[in-house]
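Taken from Swiss-Prot, the feature anthranilate 1 binding site applies to GLY72, ASN102. Feature annotation from Swiss-Prot assigns 5-phospho-alpha-D-ribose 1-diphosphate binding site to GLY72, 75-76, THR80, 82-85, 99-107, SER111. According to Swiss-Prot, the feature Mg(2+) 1 binding site maps to SER84, GLU217, an assignment based on sequence analysis. Residues annotated as anthranilate 2 binding site in Swiss-Prot: ARG157. Annotation source Swiss-Prot lists Mg(2+) 2 binding site at ASP216, GLU217.
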Amino acid sequence: MLNKLVECENLTFEESYELFNMLLEESEIRIAAYLTALQTKGVTADEIAGFAKAMRDNAVKIDLGEVTDTCGTGGDGSKTINVSTAVSIILACFTKVAKHGNVSVTSKSGSANVYEALGCKILENPDEAKVSIEKTNFAFLFAPKYHPALKKIMPVRSELKIKTVFNILGPLANPANPKYQILGVNSPELSEKVANALSKVGGVKKALVINGNGLDELNPNGASKITEYNGKFETYEITPEDFGLENTKIIPCESPNESARRLIDVFSGKINEDRNFILMNAGAALYASEIVSDFLEGVEIAKNAIDSGKVLKKLEMIKNV
């Protein structure tokens, strides 16, 4: 298959699935060659899907029932608060959430970094995750604990220092096989491709693949692109006005501790720019999870959950599980 990639020929879903499994047994130099050739050619939806399905199939097994995930690819180079973590905690007030996450790669506040800064502990195994979701509606699935098969590939990725298909795979490889998903991508060109790949992996009923003018979140200060999948695909542009919100600037964030503090400020009812940023994305997540029928309703119930103290109480439950 390496020759095929070098000749810039696309792989099928089945070939991509097979290639992922081959890479687990390959030498480091051949892993690097495959990943570089695939990246140089340009990755397709079938290739992303084949890799993602194989990654799920090689993951530690976990069954949490019907869950939602709020996960982004990261890699947008922005210094923002960790919005997806905030959204996942709000969402857990209404439905089961299995948040697939990792430490920071490019941002100042990866989801696992912020999760720990909030005072929550990393769950060690599927049994602990099941207890957490039963007690709180929330489980944080720390990616390295569920994808041990990747131990050989990860050092090669680090050594290469280029983007590879693995920069896209994280949100598509949740071992809990989420039925609902809001998935951030770091480039608008990826939204349709990743939505298509997610549909091919299977198991998802409804998903929003989002990009906020370069952010892997919806942008509170301009237009964002969404590709919605619910058995069929629809791509459209939205602005904060569609959520009943005013345009607000994004305040940079310098550390996981700062991100955690600012999330708690919002959960405590503080009215500021971060609140709008979080409400916009929470409204979309509630819509993606089929809890509400439109974005406006999603924002309203997210507001009510925050202002009633429900979200702060949910965070305390998660910390004490």
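Glycine is no exception: its Cβ is also placed from the backbone N, Cα and C atoms.
GLY72 (anthranilate 1 binding site) falls within a strand segment according to DSSP.
Cβ neighbour count for ARG157 (anthranilate 2 binding site) (all protein chains, 10 Å cutoff from its Cβ): 19. For the pair formed by THR80 (5-phospho-alpha-D-ribose 1-diphosphate binding site) and GLU217 (Mg(2+) 1 binding site), distance between Cα atoms is given as 10 Å, rounded to the nearest Å. Cα proximity to GLY72 (anthranilate 1 binding site) (within 10 Å) is found for the following binding-site residues from SER84, VAL103, ARG157, ASP216: SER84, ASP216. DSSP classifies GLU217 (Mg(2+) 1 binding site) as coil under the three-state reduction. Taking the binding-site residues THR80, SER84 in turn and counting surrounding C-beta atoms within 10 angstroms, the largest count is reached at SER84. Proximity of GLU217 (Mg(2+) 1 binding site) to non-local residues of its own chain (separation of 6 or more, Cβ distance below 8 Å) is seen for GLY72, THR80, VAL83, SER84, GLY184, ILE210, PHE277, ASN281, given in sequence order.
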